[in-house]
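What TrEMBL says about this one:
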REGION    1-49  region 'Disordered'
REGION    138-161  region 'Disordered'
REGION    218-249  region 'Disordered'
BINDING   Thr312  Mg(2+) binding site
BINDING   Asn404, Lys405, Met406, Asp407  GTP binding site
Amino acid sequence: MASKPFWASNTDPDDPLSQALQPPPDESPDQRQARLHQQQEAARVSHEIDEHIQEDKKELERRKKAIKILLLGQAESGKSTTLKNFQLAFSPSHFRNERLAWRTIVQLNLIRSIKRLLEVLQDEWDESVSAPSASYLAKGKGVAGRPPPAGVRFSTSPLTDQHRRMRMRLTSLLPIEEELTKKLLPETNDKVQDVCVRAGSGWKGVIATISANNAQQQAQTQAQARSILKNGASSRPGTADGRKSNDPTTMLAACRDDILALWEDPVVQAVLKKHNVRLQDMPGFFLNDAGRIATMNYEPTDDDIVRARLRTLGVEEHRFTMEGGALPGSEWYIYDVGGSRSNRPHWIPYFDDVQAIIFLAPLAFNLTLEEDPKVNRLEDSIILWRTICENPLLAKTTLILFLNKMDILQATLAAGIRVVKYVPSYGDQPNDIQHVTKYFRDKFRGYHKRLSPKTRPFYWNETSVVDTRATSVILVGVREGILRAHLQSVNVI
């Protein structure tokens, strides 16, 4: 038995809606068919909207059950590195699926260090060039005993013409670094010192496209080389041809010998020391691994990916499923937010619905902020920590303090740099890592106890998040603590 349309039954002649739904009295067969088609289409759209609403409800319920963590701290505090450690420890398959994209980032980090090295060498030449002295001219020194012509200048630098030639050859890396940086962040400028991406920009897809194009170009180049060899011509792979490529893998492989020779040269190391430049303290430093990275078959290791420096502008949400440990299959959301001063107002919307905040505070007592050289980095971290502790929106949130970059702190103290010079309140306490760490830990603990709206436990860890093995052990404990607090909040335990 065919069912009647809902508007054809129980019609009330005085009901305006019933009257509006009635078909026209003079409706033709074609008009009736068109009307029925429109009604069917409207019913289909309505059904799709209902399905989307149900899916959104399920997604909302799933997100309510998920564990959400916010990574906070100033720029270069180690937030993105901590995120990569989380993924490596608890979602390794997801982590390793992104290996190809991180290869390009590691290569860019290496080129950035080379660029800084070349800048220091150029500064050395510029500063060491001077006009010949009066005594030199009085002695008539010059070619064949003649005094040098007017305007001739001499360099007193220990750098030689060989260094100059290596520097000139390595400048071929700079255009590709500039091009890739602009593709990752089109609005970049010369003041940006790091490899940067905009949150949500799909930068991994951009790199995948670039890599595919480079692979095609490399295949064509190899085909041309085979053709040249077949016709009897000679070719030197990895030299001039490689230096004309737009592929960072090919470029670095072609420049490998010069990179190693320049970086390992004692004279170059002396020049760096003279200019107070420690490239090994820069984020994303890979010059010690250049022999392994500057090859055609380079694949980044887990440690390479964790150490790679990539600055995130904005707030980026990372969702992954726990693959092992307690509650395998549970969903975790980690929010990585920019730590520069201009990005900090964007933190507040994420305070309302997070179970835990991991706050990274590098114990860099002798360094200043990149965006404001007048502000001490450690003092800025303490001010931020105070703001987080006293925020009423975070009264029920678990706060976990990472006293980060302990390796750099140890090297700083070993170099004889005294804390009291930068922190007068430290007084005459011993200048060793145990006493320094305790002093600053107690400062953070004191603000946590005094400013928290409600009493809550103080969790802290001494970390060097570039050390993946040590950090993984710490993160297991952090994960268990967050899970326990989460289950207590939903009255499971």
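Along the chain as shown, the residues are counted starting at 1.
The backbone N, Cα and C atoms fix where each Cβ goes, glycine too.
Cβ neighbours within 10 Å of Asn404 (GTP binding site), excluding its own Cβ and spanning all shown chains: 28. Shown in sequence order, Gly78, Pro362, Leu363, Leu403, Ile408, Leu409, Gln410, Glu462, Thr463, Ser464, Val465 are the same-chain residues outside Asn404, Lys405, Met406, Asp407 whose Cβ sits within 8 Å of the Cβ centre of the GTP site. Neighbour counts of Cβ atoms within 10 Å were taken for the binding-site residues Lys405, Met406; the minimum is at Met406. Other Cβ atoms within 10 Å of the Cβ of Asp407 (GTP binding site) number 14 in total over all chains. Between the residue listed as 'Mg(2+) binding site' and Asp407 (GTP binding site), the C-alpha separation comes to 24 Å.
Around the residue listed as 'Mg(2+) binding site', a 10 Å sphere centred on its CB holds 23 further CB atoms from the protein chains shown.
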